[in-house]
Amino acid sequence: MKDKFELVSKYSPQGDQPRAIEQLVAGLKKGLKHQTLLGATGTGKTFTVSNVIQEVNKPTLVMAHNKTLAGQLYSEFKEFFPNNAVEYFVSYYDYYQPEAYVPQSDTYIEKDASINDEIDKLRHSATAALFERRDVIIIASVSCIYGLGSPIEYGEMLVSLRVGMEISRDQLLRKLVDIQYDRNDIDFQRGRFRVRGDVVEIFPASRDEHCMRIEFFGDEIERIREVDALTGEIIGEREHVSIFPASHFVTRPDIMKKAIVNIKAELEDRLKVLRADNKLLEAQRLEQRTNYDLEMMEEMGYCSGIENYSRHLSLRPAGVTPYTLLDYFPDDFQMVIDESHVTMPQIRGMFNGDQARKQMLVDHGFRLPSALDNRPLRLEEFEKHINQIMFISATPGPYELEKNPDVIEQIIRPTGLLDPIVEIRPIQGQIDDLMDEINDRVEKNERVLITTLTKKMSEDLTNYLKEAGVKVQYLHSEVKTLERIEIIRDLRLGVYDVIVGINLLREGIDLPEVSLVAILDADKEGFLRSERSLIQTMGRAARNENGRVIMYADKMTDSMRNSIGETERRRKIQIEYNEKHGITPKTIKKEIRGIIAATSAADEREAVKQHDLSKMSKKERDVFIEGMEHEMKEAAKALDFERAAELRDALLEIKAEG
């Protein structure tokens, strides 16, 4: 079993990194349960965490608050650990409409989902890796705290095959059907097997290129080969192979029988309750739907929406914590929560939102009450899974600070760049003042970000600046994903000099060309002007050697005072370090493609523009969409998840436009 992490990088830790690595490693070895790394923007937090993982050498779960960020982290960790198992576990839905019921209009919305086959493969690859080795890093979104099948069943049902093993061909085929593999001798793909005489070829659920060829001599396995599924080329001989189930909700036949008995008993009890309350329509609906599912489970071993019966399938009592990805890890694993100030509130909030929707389905006879146990973890349940955890954020939240107030700091950037200078100027005359600042930046070929509090203010300011001859664009929540990416790219290319927006904190706006961030109405306390938001917004000017922040305000709020104080404290530390080591700050030279695969995404959008869809015939349009879908799948195969996500969003927009 491979169990050593091997970090591969041409860089060595610089600035604050060696001290942060040393402190985090010492804390983990001392048995500290919670640690927080306060890492300023651009200080190389991922590299620090990678060094800690190598030093501590334990299986690691890295959680991010969305798929895009998880994709970026996956690419980075994959580069740092090319010889280890770096895996990706996010929701496999390209599109997901959960099952719901709206009583006001008596509308039942059926679950509708488009599953991304590539991400499903990576999820299987992640769980399989945890059973086979210890040098595993799994990058996951918050969806990893959602219910998953039992790891005990999953592990017990794997089919282990060795050369010389006595097993008949038909016994193997039955075992494969039990773990939800389909026989298909023509369309051979993931999760399927095909049979040719004494040769069985199995396409593991965690692969998409290589299959396993099992050759029999009588009732004995004579040879196992790894084969390229497309060309038939022999990749190599294998002495042993483990075939993991094709579904995480796989169940042994004896357990399935018990589960069906329990589901029938629950159905009977629930029907009595509904009829006693004179809810006859609900009772009829529930009986019809559940009996159909039971019939499918008895005949096929699964049904659509089988996860709603997961409590029965794992023989758990009501209310007991569901199994999740966290249960697949060994007991001594460590967690890393990236952007913890956003991710932890997400973890806390997922349970309540899920229960509210499902309770409605239960009340109106669409689901049995046991469906409520197919759910994400509560915060306290999540905490029980923690062995050791590291929170990573430029602005740690109250949860992290409460768990361990001793924060480890990483303030110094390897590039020598400083936190920006912050100025406060009066609101009166702010637009004229801002105009002078913009002209000054344009002359130096630098860019400006302006953040306002309201949509109307943003629109009015954008129109005013346009009339004044400024190359400006407005970025708001209604701008579609691809347009947003293109606007950011165009800012970097100089098509625009200024971007005006409300919330400029979203990932992908770390732009080296931006030397000025202007914050209007900085003294209006609230979510967008809180201490954390202000620090994050100021950080947008921290990638340029001339970085400056101007706050327009008539009074000093606590949030302003604290955020300015924190920025000045960091700046002082950075200046002292640079002077001591003779470092001159230099603006980061970052290729234009660097913003969430912006180039390819914007190019893709150009392709859409050039092919005016409204002028296409239905056939031409279908061919064009098919081509984009192929591109999306190829991007996912190449592990370029950011590009795949952008293409997916473009496709959804095209389809929505009819």
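Note that Cβ sites are derived from N, Cα and C of the backbone, with glycine treated the same way.
Taken together, the residues of the domain 'Helicase ATP-binding' (26-414) have an average pLDDT of 89. Annotated domain 'Helicase ATP-binding' per Swiss-Prot: 26-414, in sequence order, evidence recorded as sequence analysis.
Its Cβ taken as reference, THR43 (ATP binding site) is surrounded by 27 other Cβ atoms within 10 Å in the chains shown. Look at Swiss-Prot and you will find GLY39, ALA40, THR41, GLY42, THR43, GLY44, LYS45, THR46 tagged as ATP binding site, backed by sequence analysis.
Summarising the annotation, Swiss-Prot assigns motif 'Beta-hairpin' to 92-115.
According to Swiss-Prot, the domain 'Helicase C-terminal' annotation covers 430-592.
Taken from Swiss-Prot, the feature domain 'UVR' applies to 622-658, supported by sequence analysis.
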Checklist entry - Inside 8 A of the center formed by the CB atoms of GLY39, ALA40, THR41, GLY42, THR43, GLY44, LYS45, THR46, which other residues of the chain have their CB, for the recorded ATP site? => result THR48, ALA394, GLN410, ARG413
Checklist outcome for this item: Note: among binding-site residues GLY39, GLY42, GLY44, least Cβ-dense neighbourhood at 10 Å is GLY42
Next on the checklist: Validating a neighbour-count step here. Other CB atoms within 10 A of the CB of ALA40 (ATP binding site): how many?
Outcome noted: 24
Checklist outcome for this item: The number of other Cβ atoms within 10 Å of the Cβ of THR41 (ATP binding site), counted over all protein chains shown, is 19
